[in-house]
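**Student:** I'd like to ask you about the structure that follows.
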Amino acid sequence: GCALAFQAVCPSRSPLPRSDVMFVVGREQQKVFAHRCVLVCRCQAFRGMLGQAPVGSQDSSSSIPPQGPFVLGNVQPEVFLAVIEFLYTNSVTLNSHIALEVLTSSVEYGLQDLCKLCVKFIKDTLSVEQVCEALQAAVTYGQADLQQHCLAFIEGCTAAVVRTQGFRELSDVVLARVLRSDRLAVDELDLVQAVREWAHVSSAVLERPVPEVAALPVRELRLPLLAPSELVTLESCNQQDLLIPVENIAAAWRAHALRKGSGVPSRLCRPRRGTRPRDHHRHLEPHAK
């Protein structure tokens with residue numbers, strides 16, 4: 001059993017003894033040999049791919065299964081081999097380079113136990129450079145526990161995270177979710193700059209105007225927390241890309257003029273964990289007169 005499993009998950013240029021299915025995987029066109037009976041018993045997705053009904057069903061002998069080879073051009077060989085390893089051994093060997101892609105494959109193949117192993121590995125090895133990509137995957141695949149873990153990680157080292165490539169590649173929905181947190185360890189002025197850089201990247205990638213791609217995250221920027229001199233600078237920068245709607249900036253000025261967060265959602269007047277204190281903040285507090 002163990003020897004068979006080891007052979008099956010190791011790259012080979014020649015068929016394994018008694019293997020009866022071959023996959024051609026990735027751009028490298030790497031050949032991976034396996035055993036049809038193992039795959040169809042362990043995974044419904046492979047059962048459909050290999051065209052074989054479950055053992056004991058009425059359809060199990062009524063059709064001839066396709067012989068392959070089966071071409072999987074969009075999967076990294078190392079990722080596919082990890083899936084095969086799991087199907088043979090109920091365990092998996094992961095590293096930080098493939099864990100998120102194996103998670104993706106586990107969802108696609110409907111392998112819940114493999115998904116759990118991936119989530120555990122990702123949580124145990126989370127880094128500043130990878131946390132945003134992990135959060136995006138967690139949201140995409142509905143992994144609530146991983147979402148919470150990633151967000152807590154981001155809250156602990158926000159200043160470093162917002163400088164990563166992963167942060168600039170977040171979707172607008174996920175970025176807005178991050179910006180709703182009161183526990184981000186970064187000042188609001190730095191967050192505005194980080195969102196501006198994110199918006200310019202997204203605008204270039206999506207070929208859409210900056211104000212359009214940034215509409216959702218910008219709603220979560222807490223502009224009333226900025227001092228008057230900072231708002232003046234913000235207005236000057238904003239003339240170049242129109243990142244922030246004029247009415248949002250006007251609302252921040254109104255909060256200064258009235259010495260309270262009048263007309264501004266209360267969450268936008270609440271200092272975050274990393275917000276640098278400014279004199280006017282005492283007027284924004286809910287209990288302030």
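Backbone N, Cα and C atoms are what each Cβ position is placed from, and that goes for glycine too.
Just so you know, TrEMBL annotations are computer predictions that nobody has curated.
Heads up, here are the entries from TrEMBL:
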DOMAIN    19-96  domain 'BTB'
REGION    263-289  region 'Disordered'
COMPBIAS  269-289  compositional bias 'Basic residues'
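Each of these features: where is it, how hidden is it, and who are its neighbours?
**Tutor:** For the domain 'BTB' (19-96), the mean pLDDT of the prediction comes to 85.
Same-chain residues lying 6+ beyond the ends of the region 'Disordered' (263-289) with a Cβ under 8 Å from its Cβ atoms: 155, 158-159, 180-189, 220-227, 251-252, 254-256.
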